[in-house]
Amino acid sequence: MGARGAPSRRRQAGRRPRYLPTGSFPFLLLLLLLCIQLGGGQKKKENLLAEKVEQLMEWSSRRSVFRMNGDKFRKFIKAPPRNYSMIVMFTALQPQRQCSVCRLANEEYQILANSWRYSSAFCNKLFFSKVDYDEGTDIFQQLNINSAPTFMHFPPKGRPKRADTFDLQRIGFGAEQLAKWIADRTDVHIRVFRPPNYSGTIALALLVSLVGGLLYLRRNNLEFIYNKTGWAMVSLCIVFAMTSGQMWNHIRGPPYAHKNPHNGQVSYIHGSSQVQFVAESHIILVLNAAITMGMDLLNEAATSKGDVGKRRIICLVGLGLVVFFFSFLLSIFRSKYHGYPYSFLIK
């Protein structure tokens with residue numbers, strides 16, 4: 001037994017320990033350094049992201065919509081890392097630009113941002129900012145933005161897609177429309193809260209006071225209340241005001257017209273079906289009144305018993321008013337509802 005175990009012990013004693021090849025040490029050292037560098041780089045990215053989010057939260061605590069210049073835009077929006085969405089309004093608010101639509105859009109944008117800032121769902125995943133043309137001309141050129149205002153969504157990862165640019169001409173720039181678009185792009189739902197407006201209540205109180213005072217002064221002679229012509233005129237004025245969009249103007253407060261800052265051309269009719277100017281309401285009111293007058297003349301020519309020649313002239317005048325102004329009204333409708341196939345005389 002002892003003789004058998006002796007050769008085995010001699011063979012075990014004769015074995016030499018195995019060592020790694022000499023050329024593998026640099027490889028292991030390089031792999032170790034690479035792991036350390038990757039870990040350090042990841043930590044650096046996390047620290048940079050935390051600093052960016054902290055800075056954005058600080059700006060948001062001061063203002064719901066913070067301004068950005070070229071350097072801030074490149075650092076907080078274009079450069080990674082990012083884990084937040086950014087809504088940016090590209091605008092031109094300087095007085096020399098004479099962009100009335102920009103001011104109105106800015107008010108709606110501010111209402112939306114305030115609604116998000118003071119909501120219970122507010123978090124560091126969505127921020128609102130704006131870039132003025134006079135403070136970031138290079139950004140406008142880089143993104144090929146030729147008109148203002150323009151709303152864009154910059155996602156946490158990747159580049160903005162076509163749907164990340166808000167279709168202002170088709171949808172309008174109301175806070176509710178912007179909130180719906182943001183919900184589609186970011187899955188963040190914002191409930192819009194508008195500040196109370198007491199101008200309507202004050203105007204109604206003044207109107208009631210005026211009517212009450214008039215009735216009190218004429219309390220001994222109230223025959224004018226039964227005047228059919230007077231009530232008919234009042235009814236027509238109310239109908240013309242409501243059908244021309246005066247109530248929409250009262251709620252939204254649009255500008256009277258829009259002057260293009262590039263060529264100075266003034267637009268009295270907005271190209272979108274969701275937005276209108278005050279001048280547009282006045283134009284529609286006049287057109288409706290002219291069509292009504294034409295219909296009244298046609299009715300007068302058909303029912304009166306006067307001279308036939310005079311009735312024929314009244315009929316032709318009434319028909320001309322209806323045909324021309326209805327054609328004009330239909331052309332305005334076509335210009336706002338793109339793709340509407342029908343027209344009459346005027347295209």
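Cβ atoms are placed via backbone N, Cα and C, with glycine included.
For the residues N83, N227, the entry in Swiss-Prot flags N-linked glycosylation site at a single position: N83.
According to the topological domains annotated in Swiss-Prot, K43 and N221 fall on opposite sides of the membrane.
When Swiss-Prot is consulted, the disulfide partner of C99, picked from C102, C123, turns out to be C102. The DSSP secondary structure for C99 (disulfide bond) is coil. The two recorded residues, C102 (disulfide bond) and N83 (N-linked glycosylation site), show a Cα separation of 29 Å.
The separation of C99 (disulfide bond) from N83 (N-linked glycosylation site), Cα to Cα, is 34 Å.
Confidence across the topological domain 'Cytoplasmic' (218-221), taken as the mean pLDDT and rounded to a whole number, stands at 74.
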